[in-house]
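Taken verbatim from TrEMBL:
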- 53-244: domain 'L-asparaginase N-terminal' (DOMAIN)
- THR62: active site, O-isoaspartyl threonine intermediate (ACT_SITE)
- THR62: active site (ACT_SITE)
- SER109, THR142, ASP143: substrate binding site (BINDING)
- THR142: active site (ACT_SITE)
- 266-375: domain 'Asparaginase/glutaminase C-terminal' (DOMAIN)
Amino acid sequence: MYPAQLRPARSPRAARFALAALLLGAVGALPGAPLQAREMPEAGSATEARKPNVVILATGGTIAGAGADASNSATYQAAKVPVDKLIAAVPAMANVANVRGEQVFQIASESFTDAQLIQLGKRVSQLLKQDDVDGVVITHGTDTLEETALFLNLVVRSDKPIVVVGSMRPSTAISADGALNLLDAVTAASSKEAVGKGVLVTMNDYIQAGRDVTKRTNIVPSAFSSQWGPLGMVVEGKTYFFRAPYKRHNTSSEFDIDTIDSLPLVAIVYGSGNMFPGAYTAAVDAGAKAIVNAGTGNGSVPGYLVDTLKDVRQKGTLVIRSSRVGDGFVLRNAEQPDDKYDWVVAHDFNPQKAKILAAVALTKTSDTKELQRIFWEY
Ligand SMILES: NC(=O)C[C@H](N)C(=O)O
């Protein structure tokens, strides 16, 4: 047996094969693929000194998905493979960190509720307070990964690396992307440069800011990007950062998961032509404390619905103008007189991210000036 530092490492590509082979073995499909050797990481990589301790919190998703056949890249069951198998399938992680896993949930991320978000946030916070934990990786479905990444960015008061990772193809698929994404996540979570950078997302070789990143296509491994660009890349077990986040996050945040036990209901109403008032009033009737208007263009509100939204606000529910466009940002008093109607604008947060920020902000204040400040600052 080699000492840990001298053990032959596997290339990311080999790691990918290894995961597919292991999991296909588990579901009775293809035989394993050969593994290649890889040189030791270069000087300056995370493995040089003491290896960091990284905990992988597994929540399910496609990264833990399994299909009937290697050709099934889109038809499969999410949340099948347990964390121990995910770890065993990427032995190259042992070159960058001492890794252990915890199975927090085993669900597809579209099934996440606030209860899961809070439970996960509290566990991340608890772990990062421990001296023997240097970073946390969360394996997650990609559908709501961007919401969880933003949530943790807002509420976990720690500078230690937090990396959220998923995959677009199940572990059993040809050219599955999960193993490399996971190796990259552990590499980022082990990296000193990741300290204080906010929650990160490693997908498709890139390191993205959890605040900004969004899922833009539903099929290919390059699904995640941000209008403000990635922060860097992970290449062969080493992180390369080129930018740092500017907005308030984690230790500079005024929110703290340790004091949050529930989140208020926030609804999103999707803008289009030919809308109807009931979409908004139903949200109020359901108890929504805020409605994010995923408006057309500049977060616009149809003229025939302005009175409905003024009424919604007067009755106590907040109105937050975001845009269904995806990129760009909504300006105050552009298209609609927000000051006059006491509405808030979501700045550059897309509707699903605006929903998370609104819910978190509402745990502290329902004052619209304060909420608007929060939307500018985070
Ligand atoms: N690629 C994925 O992970 C999609 C899956 N529906 C999930 O979010 O769990």
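Cβ coordinates come from backbone N, Cα and C, glycine included.
On the structure: features taken from TrEMBL.
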| residue | record | DSSP (3 states) |
| --- | --- | --- |
| THR62 | active site, O-isoaspartyl threonine intermediate | helix |
| SER109 | substrate binding site | helix |
| THR142 | substrate binding site | coil |
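Cβ contacts within 10 Å of ASP143 (substrate binding site), excluding its own Cβ and spanning all protein chains shown: 19. Those residues noted as binding substrate (SER109, THR142, ASP143) have their most widely separated CA atoms at a distance of 7 Å. The recorded positions examined here are THR62, SER109; by Cβ neighbour count within 10 Å, the least packed of them is SER109. Excluding the listed site residues SER109, THR142, ASP143, the same chain places GLY61, THR62, ALA108, GLU110, HIS140, GLY141, THR144, LEU145, GLY166, LYS215 with Cβ atoms within 8 Å of the centre of the substrate site Cβ atoms.
For THR142 (substrate binding site), the same-chain residues 6+ apart in sequence whose C-beta sits under 8 angstroms from its C-beta are GLY61, THR62, SER109, GLY166, SER167, MET168, MET203, LYS215, ALA223, PHE224. Each residue in the domain 'Asparaginase/glutaminase C-terminal' (266-375) gets a DSSP state, and the totals come to 44 helix, 21 strand, 45 coil.
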